[in-house]
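**Student:** Quick one: this structure, given as C-alpha cells, is what I'll be asking you about.
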Amino acid sequence: MKHFLAGIPLPMAGLALAVCSLGNLFKLWGNPLIGNGLAIIGGVMVFILVLKLLIHPGHVRSDFNNPLIVAVTPTFTMAIMILATYIEPLAGWHLVAQILWLVAVVLHIGLMAYFTARFVFPWHIGKIYPSWFVMYVGIGVIPVTSLNFYPTLGKTFLWIALALYVIVLPIVFKRVYWHKKMPEATLPLIGIIAAPASLCLAGCITIYGGEIRWLAIALLCLAQALYVFVLLQIPRVLRLSFYPSYAALTFPMVISATALTLSAKQLPQLQFLHVAGIIETVIACAMVLYVIIHYIVFLNTHMMKREA
C-alpha cells in the first residue's frame, strides 16, 4: 500500500473532481443511483489522496515546490466541496457536511494565497499555464455548492470568480497561443480552458436562477465557444503519451455538459440545448472513462516498476 500511495500523482485530484461532478450531472438527468455511485468512487479517490498526504508528507512537500502541480491542487478542495453536497442530505450529517465544505473553502483560499506568494512574482509570461484557471477561477465551485450551506457566501464568490476570470483569460491565451513553448506533458492542460466559463455559468444559474439572464446567456455563448475550441484540440492531445495531466481533460468536459444542461432547463423553449446537453454528457462520460482506464494502466505500470 505504501508503494502504491507513493506513486499516486496529486493531479489525480482533477479526475476525482470530474467523477464527483459527473455524479451530479447524472442526478441532474434524474439518475441518482448512478450519481451516488460515482460520488462513492470519487470519494474513494479523494480518500486515497488524503492517505498519500498522511503517509508520504515528504513527497507532497516536494510537489509543493513545483508550480505546475500546485496550480492544479485546488481540484482537491473543489472535489471535497462537491462531496459535501452528497453528504448534506443524509439524516444527521448536515453539520458534518457544512464543516467539511467550510474547511475546503478555507483550504482553497489558502492554496491561492500560497501559490500567489510563492510562484506569481517575479512576473514572467513563461510561468503561466491554463492551470491558473484552476487556481484562481476554481473558487467558482463555491457558488455551485453553497445553496444548502452559505448561499450568501456563494453569491460573493461568484462575482469574485467572474472578476478573476476576466483578468486571467487574456493572460492565459497570450501565454498559450502567442508565447507558446509549452512542454509536452503540459499540453493536456489546454483542456482546462473550457472549464471556467461553464463553472461560472453553473454558479450563476445555481445562485440566481433566471434572474440575470443576460449574464447567463453571455456565459453560455462563451462557454460553448471555448468548449468547441478545446474539443477540436483533444485529438491532437490524445496522440501524446499518457501523463497524469490528462486529468485536466475530464472536469472541463463534465462542467461544460452540466452548465449546458442547467441552461436547457432554464430555457426549455430552446430544444436544441437539451439535445446538445445529451451529446456533451456522452462526451464527458467517454472522456472520464478514457482517463480512468489510462490512469489504472499508468499506476499499474508504476507499481510493477517499483516491484521489479
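For all residues, glycine too, the Cβ spot is worked out from N, Cα and C.
Automatic prediction, not curation, is the source of TrEMBL annotations.
According to TrEMBL, the record shows the following:
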- 34-55: transmembrane segment (TRANSMEM)
- 67-87: transmembrane segment (TRANSMEM)
- 99-121: transmembrane segment (TRANSMEM)
- 133-150: transmembrane segment (TRANSMEM)
- 156-173: transmembrane segment (TRANSMEM)
- 185-208: transmembrane segment (TRANSMEM)
- 214-234: transmembrane segment (TRANSMEM)
- 246-264: transmembrane segment (TRANSMEM)
- 276-298: transmembrane segment (TRANSMEM)
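Are these features on the surface or tucked inside, and what touches them?
**Tutor:** If you look at the transmembrane segment (67-87), the same-chain residues 6 or more away from its ends with a CB under 8 A from one of its CBs are 10-11, 13-14, 16-17, 20-21, 23-24, 36, 39, 42-43, 45-46, 49, 93, 96-98, 100-101, 103-105, 107-108, 111-112, 114-115, 118-119, 127, 129, 131-132, 134-135, 138-139, 141-142, 144-145, 148-149, 186, 189, 245, 247-248, 251.
Residues 64, 67, 70-71, 73-74, 77-78, 80-81, 83-85, 87-88, 127, 135-136, 138-139, 142, 145-146, 149-150, 153 of the same chain lie 6 or more positions beyond the ends of the transmembrane segment (99-121) yet place their CB under 8 Å from a CB of it.
Within the same chain, residues 14, 70-72, 74-75, 77-78, 81-82, 84-85, 88, 94, 97-98, 101-102, 105, 108-109, 111-112, 115, 157-158, 160-161, 164-165, 167-168, 172, 192-193, 195-196, 199-200, 202-204, 206-207 sit at least 6 positions outside the transmembrane segment (133-150) and bring their C-beta atoms closer than 8 Å to a C-beta of that stretch.
The list of residues near the transmembrane segment (156-173) in space but at least 6 beyond its ends in sequence, with Cβ under 8 angstroms from a Cβ of it, reads 125, 128-130, 132-133, 136-137, 139-140, 142-143, 146, 193, 196-197, 199-200, 203-204, 207.
Within its own chain, the transmembrane segment (185-208) is flanked in space by residues 68, 72, 129-131, 133-134, 137-138, 140-144, 146-147, 151, 154-155, 157-158, 161-162, 165, 168-169, 172, 176, 215-216, 219-220, 222-223, 226-227, 229-231, 233-234, 237, 240, 243, 245-253, 255-256, 258-260, 262-263, 266, which lie at least six positions past its ends and keep a Cβ under 8 Å from the stretch.
Cβ atoms under 8 Å from those of the transmembrane segment (276-298) belong to residues 12, 15, 18-19, 22, 25, 29, 224, 227, 231, 234, 242, 244, 246-247, 249-250, 253-254, 256-257, 260-261, 263-264 of the same chain, restricted to positions at least 6 beyond its ends.
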**Student:** Please report, as numbers and ranges, the same-chain residues at least 6 past the borders of the transmembrane segment (214-234) whose CB is under 8 Å from any CB of it.
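**Tutor:** Long-range Cβ neighbours of the transmembrane segment (214-234): 190-191, 193-194, 197-198, 200-201, 204-205, 208, 249, 252, 256, 259-260, 263, 266, 276, 280, 283, 287.
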